[in-house]
Ligand SMILES: [Zn+2]
């Protein structure tokens with residue numbers, strides 16, 4: 001009876017190339033599913049099901065953390081908490097955007113691109129959320145108030161804009177110039193997936209590496225006084241190790257590359273990538289909270305003031321530019337006619 005309401009899953013040869021996932025041979029949903037079908041597919045075993053749940057469930061955990069911090073710390077009256085609130089907001093947004101993108105990505109080729117544009121925008125916002133908390137709570141004593149520290153958040157904001165633009169560009173190229181409502185002129189993802197993937201890895205690795213410069217220095221390089229060598233360093237190391245594992249899984253498509261078709265439903269790299277990202281974020285969150293607590297009096301006395309512009313202002317600027325970028329990349333697709341869908345097949 002249940003099979004009557006569940007649409008059948010398809011093999012890789014039954015869906016257009018734009019929907020293909022590297023070394024995933026089966027478990028595809030219909031490429032023109034309705035929104036209702038997409039939502040129902042969350043309860044059916046497809047190659048996206050665990051991608052959805054591995055980010056949907058943690059969203060609620062992080063949301064609970066955010067609400068707890070806002071209520072317990074009277075966050076709006078205490079500027080010292082603002083960077084943490086922004087970080088937690090970004091930590092809620094990226095798994096939510098990701099689970100929505102994985103849920104609705106099988107509505108059409110256009111919907112798939114737009115869904116993942118939002119996914120990239122949210123990830124890029126998360127990198128700014130991390131940078132803001134690092135600037136206020138994690139920078140080693142030695143580097144506090146240095147020139148690098150003063151320009152850290154402005155550079156992180158610029159990186160965020162570049163990251164979102166580059167990640168969106170990696171799918172179809174430049175809007176209107178390289179693709180418009182019914183034609184894709186250059187390097188669509190399906191024709192040169194390696195180049196496209198490489199650009200995307202660069203788009204996310206670069207801001208991550210930049211944001212973590214103060215942390216890498218503090219944990220791995222700094223010697224002598226002013227290194228902020230406290231108990232939190234272990235948590236920071238966990239987070240860094242998990243972040244590198246996350247990047248490795250995203251870039252290599254292991255294990256499914258070794259045995260195409262064997263990990264279609266359970267255990268493929270994207271699911272593992274989601275899980276590692278969440279575990280890494282959890283360690284990072286614990287480390288940030290711990291640094292924030294144990295360094296509070298020193299930071300309030302010695303570090304830069306906790307300003308609106310340096311925290312909430314930077315986040316708002318990033319949100320506006322990210323949404324504008326997503327809108328510009330989505331516009332040619334939104335203006336699309338049905339013919340694009342026919343060509344995509
Ligand atoms: Zn994902």
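Positions of Cβ are set from backbone N, Cα and C atoms, glycine also.
Because the structure is a prediction, the values reported are computed rather than measured.
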21-41, 84-104 - the one TrEMBL records as transmembrane segment: 84-104
C-beta crowding around residue 274 (Zn(2+) binding site), within 10 angstroms: 24
Other residues, Cβ within 8 Å of 102, 270, 274 Cβ centroid (Zn(2+) site): 48, 50, 51, 52, 54, 55, 98, 271, 273
Neighbourhood of residue 270 (Zn(2+) binding site), C-beta criterion under 8 angstroms, separation at least six: 21, 51, 249, 250
Ranked first among 84-104, 151-177, 198-221 for CB pairs under 8 angstroms with the transmembrane segment (308-335): 151-177
